[in-house]
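Below: one structure, written as C-alpha cells.
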Amino acid sequence: MRILPFPSPLMPPGISGRCIRTKTQHGGCTACGTACPTNGITFAARQPVLEAEKCLKCGDCLFTCPADAIDSLSPIERIYQGNTLFGQGNRFVPSVNELLMWHALRGIRQVSLDHGNTAWQSAVVALNCVLSRIGEPIWQIVHPDGEQVDHHRRRWLGRPFNHDRSSGTVPAGQRAVRDAFPGISWFQVSLDPAACVLCGACTRLCPEQAITLTGDDLQIDPARCTGCLACEGVCFPRAVHVKPWAAPARLRRLPVTRCHCRNCRTPFVSFSADETLCPLCRRHTHGMRALT
C-alpha cells in the first residue's frame, strides 16, 4: 500500500536571521515596519517581530527590505498586457519599489484604472516623481471603456478570460531594485571626514560593499547601497549618514595616507599625513595602550 506524505504546514510569515538588525547592537533599519500598513512589525528587541495575525500578505515589507529577510511571503500576483498593468480588482496598491520593478522588468508604461481609484493614482504619481529624477519615462493612467468586469463571476459562469492578458509577479527587495537599475543611487551615503577615524568598522559590516577601505582611499559607492543602515549603527563617532535618494550614482573616493602610531606602533591609515596616533590610541587618552 502506497503511503502518501502529509503536506507540510505553511509557515506563517516572519523575519529571518538575515535581518541586518541582528548584526549590530545599534541597528537602525525599520524599513519593514514603516512599510507595514497594519503596524504588524515591532522592534522591541534587536530582531524585529512580525505578528502573523496582523499580516495582510500585501508584500509591502518584501519590496522595502534591504536584506531579503522576510520569509514565507510572496509578492502579489498582478494582471498585465503589453505595457499596461491593470489595477482593477487588486485589493492591494503596489509600493513605488514594486512599480519600479514592473517598469524595469516588464516594460510597463501605463496602468489601467477605474475612475475614482485615488489610491492607485497616488501610487503612480509617487512613482512618476522617482522616474523623473532618474531620467526614465513616466507612466500614464488610462481608463477602461464600459463597466468593470467581475472576474470572479466570469470564472463561475465558465466564461473565458481575455487570453491576451497575463498574470505574474516581480522580484521583491531593495537589492532587486538596485540590480534592475544599475548606475542609480537609491540612497545617499554621506561621510564627514572630520569625524571619521577610519576604524573600518563600516566597511567590515556593510553587506553590500558600498563602503570599502584600502591603503590608498576610502571609497563610497552609493549604487551598491540598499539602505540597511548597518554603517550608521556601527559608527561610534556618527560620521556616516544614509538617507533615501534617487539619482545617477557617483563613486566618491577620499584619499588616505599610511601612517604608524607613535604610541602602539601599529600601522593605520588617516586622512591627514600629520596624524601620529591610531584610532584606538586616540580614544585611550591616558596612554593605556602605550608599549612598555
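Just so it is clear, glycine is given a Cβ too, placed from its N, Cα and C backbone atoms.
TrEMBL annotations:
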| type | residues | note |
| --- | --- | --- |
| DOMAIN | 46-76 | domain '4Fe-4S ferredoxin-type' |
| DOMAIN | 187-216 | domain '4Fe-4S ferredoxin-type' |
| DOMAIN | 218-245 | domain '4Fe-4S ferredoxin-type' |
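In terms of DSSP helix, strand and coil, the domain '4Fe-4S ferredoxin-type' (218-245) has 8 helix, 9 strand, 11 coil. Beyond the domain '4Fe-4S ferredoxin-type' (46-76), the same-chain residues lying 6 or more positions past its ends with a Cβ under 8 Å from any Cβ of the stretch are 10-22, 25, 27, 29-40, 90, 92, 94-95, 97-98, 101, 169-175, 177, 207, 226-228. Computed over the domain '4Fe-4S ferredoxin-type' (46-76), the whole-number mean pLDDT of the model equals 94. Here the domain '4Fe-4S ferredoxin-type' (46-76) is broken down by DSSP into helix, strand and coil counts: 8 helix, 4 strand, 19 coil. Under DSSP, residues within the domain '4Fe-4S ferredoxin-type' (187-216) fall into helix, strand and coil as 5 helix, 8 strand, 17 coil.
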